Amino acid sequence: MHFQWDWLCLGVLIISSVTAGIENEENLDADVEVENFDKQSQEADVDREKSSIEVVYQTPKPTGEVYFTETFDEGLSGWVLSVTLKEDMDDNVAKYDGRWEVEELKENAVPGDKGLVLKSVAKYHAISAMLTKAFFFDDKPLIVQYEVNFQKGIDCGGAYIKLLSSSNDLNLEYFFDKTPYTIMFGPDKCGEDYKLHFIFRHKNPKTGEYDEKHAERPDVDLKKFYLDKKTHLYTLVLKPDDTFEILIDQTVVSKGNLLENMIPPVNPSKEIEDPTDKKPDDWDERPKIPDPNAVKPDDWDEDEPAKIEDPDAVKPEGWLDDEPQYVPDPNARKPKDWDEEMDGEWEAPQIPNPKCETAPGCGEWVHPMKNNPKYKGKWRAPMIDNPNYQGIWSPRKIPNPDYFEDLHPFKMTTVSAIGLELWSMTSDIYFDNFIICSEKEVADRWAADSWGLKKLVASANEPGMFSQLVTAAEEHPWLWVLYILTLALPVGLSVLFCWPGKKSDEYIDFKKTDASKQITKEELKEETEEFEDDELEEEKENEDTGEDERREMEETKRELIKDTKKMGREAPVSEDEGEGGEDIYDDEEENEVPDEEENEIADGSQEGDRLNKSDSEDEKETNCDFEALG
């Protein structure tokens, strides 16, 4: 049994260790492997500003054909600040005077890695740069990728980019909100509305006008990407087969087709409602109507009120009829600055009557109201199906005069520049490592050499598991209950089964009872043997006494027989009588032997039943002797 308890204790400890290990692994980032993570986490808890691992940063270099790259490690070379104004706004507000800086991240910085930072609050910002070479939408995919870090979170503002359309009059110094663009992509947030834009401007082949087409909202929770103060990687992949993918941190969060998943659709409907069609005056859209044949019942009284006084109610005892519910406050005093000419006669404020506090009520008592059982309300005819129902009217359809069919909306306007035109109520929005290319492998390699290092450093500087658990519990207090149960269960089982404690009182009592039972059995055995010996001695004494009595009775019987024979010899008898007498004597002599045999049998039975009570045996022997005499 002791061996089994040891194995049980060992199993509990192993399970506890494995559970703790699993919980630890779940809190680590599965995409990044960092050696000696526990040691690094402890160092991060002591000094968050100091990286727990040594990272050698080198400015990433593209490994294939690209249309644009920017790391900001060399400053804002090639970028142009806008000097224009927004339209339809006051000049003091419409200025693009928001400040930009090139600097490292405030937290989890990679030494030497710099980015573009939006610094001003509640100001318009605009900055742009020309692509290395223009991108033509023909037979190659378009891949746009860059990093964003909301270093202070985000209240209201955007971090999206615009790919500006090629034109002969494109001047980056006058880049503003109305500058034509082909694609707008990136995060945007205001209030609790978290967006990830993908908008492209589609040219109507009939009219030549441009319309904005918005991709459907991603079916994922975007909140954490805006509030966790980490650097996230945003990627747009647009393919010549008119499909697209949107990725965050190299994970697809949305995908679709330009012909099917844009709002409004790229191609208009073939038919539209006729704007000149009007609903006829006699068109009946009512599915139900009052029954014209219904008649109000004769006993329907519409004048009965909904509530009536309860006639059975009785005024409670102690009701104070003469006491008002409110009385002037006796402690109130007229203010010194009270002017009766201006303010009128001063009256003390009313307070609840203190006499009513202990009484069931004050003032005039009235019967309470109750529901009127006779109330039915206003009678209305029941509703029936409308036999003239014609359905909901809608205008007739006519061919759409503006209909067109663009089977390849991927063929967009050529892109020649990139720009950021933003307004934000939060500062220190960080941008870095822009790349525009056509090969996904090139973008992935670029991300590994740039964003991958930031992620590695951020993961190494993550707080320890204990700090993460405490932080999570501060956001979700119900987690404290889960933590307590998780810790208490293995500890409780370990204490219950493994802790060496004193034996319980019940166990000691049980042992004492068991020992007393063994002593009692031995005593009973000895007493039983003594009792049997006493019984045997008593039986022997009774046997001796019975033998003496039997001998006396036998002697008495023989004397009686001798006296009878003597009397028979002395009396005169006839021959018959003598013969009869002899027969009698002979019979008696013959019967004498059976009596002795009977006594011997009785003696034998008495010897065989020694354990019976002596009184019963004596009684049996006496009866046998008397039967022999008879």
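For all residues, glycine too, the Cβ spot is worked out from N, Cα and C.
All TrEMBL annotations are machine predictions without curation.
When you check TrEMBL, the disulphide partner of Cys190 from the set Cys156, Cys356 turns out to be Cys156. Contacts of Cys190 (disulfide bond) defined by a Cβ separation under 8 A and a same-chain sequence distance of 6+ are given as Asp155, Cys156, Gly157, in order along the sequence.
Cβ contacts within 10 Å of Cys156 (disulfide bond), excluding its own Cβ and spanning all protein chains shown: 14.
Broken down by DSSP into helix, strand and coil, the compositional bias 'Basic and acidic residues' (305-315) contains 0 helix, 3 strand, 8 coil.
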